[in-house]
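J.: Sharing the features that TrEMBL gives for it:
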- 75-96: transmembrane segment (TRANSMEM)
- 116-137: transmembrane segment (TRANSMEM)
- 231-254: transmembrane segment (TRANSMEM)
- 266-285: transmembrane segment (TRANSMEM)
- 318-339: transmembrane segment (TRANSMEM)
- 449-467: transmembrane segment (TRANSMEM)
- 473-495: transmembrane segment (TRANSMEM)
- 507-529: transmembrane segment (TRANSMEM)
Amino acid sequence: MLSNHLQNGIETARLVWSRLPNSDDEALDEVGLSKKSDGSRSESLDYEVIENNAYREEQAQRGKLMVGYYVGVKWFFALLIGIGTGLAAVFINISVENFAGWKFQLTFSIIQKSYVAGFLVYILFNLLLVFSSVYIVTQFAPAAAGSGIPEIKGYLNGVDTHGILLFRTLIGKIFGSIGSVGGGLALGKEGPLVHTGACIASLLGQGGSTKYHLSSRWLQVFKTDRDRRDLVTCGCAAGVAAAFRAPVGGVLFALEEVTSWWRSQLMWRVFFTSAVVAVVVRTAMGWCKSGKCGHFGSGGFIIWDISDGQEDYSFEELLPMAIIGVIGGLLGALFNQLTLYITYWRRNYLHKKGSRVKMIEVCLVSLITSVISFGLPLLRKCSPCPEVELNSSIECPRPPGMYGNYVNFYCGKDKEYNDLATIFFNTQDDAIRNLFSAKTIHEYSAQSLLTFLVMFYSLAVVTFGTAVPAGQFVPGIMIGSTYGRLVGMFVVNFYKKLNIEEGTYALLGAASFLGGSMRMTVSLCVIMVEITNNLKLLPLIMLVLLISKVCFKEPCMLVVDLP
């Protein structure tokens with residue numbers, strides 16, 4: 001009897017021990033984040049330096065050679081972070097531009113014979129790309145879903161969520177972003193690039209990945225949480241600098257948004273990392289201008305140069321510009337509340353049913369997005385091409401499958417264009433470039449802009465939070481530039497001035513929506529100036545950012561913060 005009880009106890013203990021997760025094979029919870037043996041999902045990080053006698057003795061034993069090597073490795077890692085993040089950003093942008101270019105080129109070649117066949121090819125192309133993204137995230141890297149910025153903020157402020165900085169998360173973030181953005185979903189790749197830079201920095205800080213045999217003992221120098229936190233901060237700044245080609249904006253983003261611990265030595269390394277990213281991206285763009293990168297040479301990197309836009313502004317224009325700031329605060333606050341409600345429902349009811357439901361959800365959103373983006377332009381009437389200046393680079397209508405303004409889609413005549421298709425049948429970067437463009441007055445009708453605003457706003461709310469890498473920067477710029485251009489059209493018709501550019505108001509609308517939804521001021525202002533290459537617009541961008549943020553924090557929240 002006693003032996004039987006002892007035998008049963010040994011077998012029970014062995015079974016329990018076999019089910020305990022270890023460091024090599026972590027258990028995953030329902031949202032895909034690894035749990036520790038006690039069931040918790042995160043732990044606290046110790047960033048404080050305890051200066052006791054043991055610490056002072058250890059510091060005194062370090063010679064000048066060791067201190068110099070330690071400092072040199074920090075700067076060398078900053079260089080590697082900049083190069084790695086820049087190359088990752090170039091790879092993502094080249095892939096997205098080429099996939100989107102092949103999709104539009106194939107679609108336009110088919111619709112010359114049959115719009116139904118072109119519609120089916122367009123849907124299948126998008127569905128294939130989006131399915132590849134959600135499959136990578138759900139089956140390989142669950143922590144790669146979303147933008148990753150909230151998780152990185154938590155890490156830099158002392159909360160270590162398991163799984164967010166692993167090598168498989170880095171791979172899932174890169175290839176998942178290519179599929180989701182190239183598939184035409186209402187999301188961006190800029191937020192995931194911040195997470196990508198942080199993953200690269202973290203992997204360098206721990207000497208690589210031991211699980212995939214990509215580690216080196218020569219790189220395993222930093223063993224404290226404080227040193228790794230500094231590297232991840234450099235990675236965040238590098239991600240923003242690579243996403244927007246805004247090195248100064250990347251430094252300010254790291255200072256203003258993601259970290260609460262800052263010192264002068266870290267400022268120098270972050271600035272150096274962002275500068276390296278700018279050099280890598282510019283070098284890659286120069287190499288691609290010769291046509292070696294396919295469609296990337298036509299679409300290009302994110303930079304919406306409006307230096308040839310509106311030269312000056314009058315005192316009467318300040319009122320409609322302030323109204324843009326109020327609209328941005330209201331729509332941004334509403335966007336956050338709607339996203340919060342849908343994410344809460346999705347997390348508590350939908351995503352608990354497993355990864356298969358997540359994949360079905362994303363594919364359904366892709367199908368709806370494709371139907372809307374292809375079907376709505378069919379309902380719009382085409383407009384005659386305006387008279388274009390001889391020295392202008394704008395061509396009306398543009399050649400099928402190429403980038404630029406004035407898309408000929410479902411038009412009966414050759415010299416006509418579809419203004420709604422000009423927005424939908426472009427990558428988001430090129431659509432924003434069209435909305436920001438100067439000397440294109442009356443290119444868009446108010447009905448088309450309002451239709452796109454309502455539909456894209458709704459799609460962005462529904463899409464953000466699905467199981468794919470998703471950023472909010474570019475969708476926010478798309479939404480803001482749409483209603484900003486609407487206000488610009490009203491100003492042009494009301495004041496009857498030829499020097500007013502609708503593209504300038506589109507830029508201010510983009511800044512106002514980002515300020516209202518993301519609550520950033522200084523870093524966002526610098527980013528918008530860097531990507532538009534127009535310093536004269538700085539006071540106006542500051543104005544709308546201040547108004548949108550004040551409106552978000554005080555009166556507007558009373559309107560949209562419903563129970």
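The backbone N, Cα and C atoms fix where each Cβ goes, glycine too.
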J.: Is it true that the transmembrane segment (266-285) and the transmembrane segment (507-529) have 3 or more Cβ pairs under 8 Å, skipping pairs fewer than 6 apart in sequence?
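T.: Contact criterion not met.
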J.: With a Cβ cut-off under 8 Å, give me the same-chain residues at least six positions beyond the ends of the transmembrane segment (473-495) that come close to it.
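T.: For the transmembrane segment (473-495), the nonlocal Cβ contacts are 186-191, 243-244, 302, 314, 316-317, 320, 323-324, 327-328, 331-332, 335, 428-429, 431-432, 435-436, 441-442, 444, 446, 449-450, 452-453, 456-457, 460, 464, 501-514, 517-518.
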J.: Cβ under 8 Å, sequence separation of at least 6 from the ends of the transmembrane segment (507-529): give me the contacting residues as numbers and ranges.
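T.: Same-chain contacts beyond the ends: 240, 244, 246, 248-249, 252-253, 255-257, 304, 306, 321, 324-325, 327-333, 335-336, 432, 436, 472-473, 476-485, 487, 535, 537-538, 540-542, 544-549, 551-553, 556.
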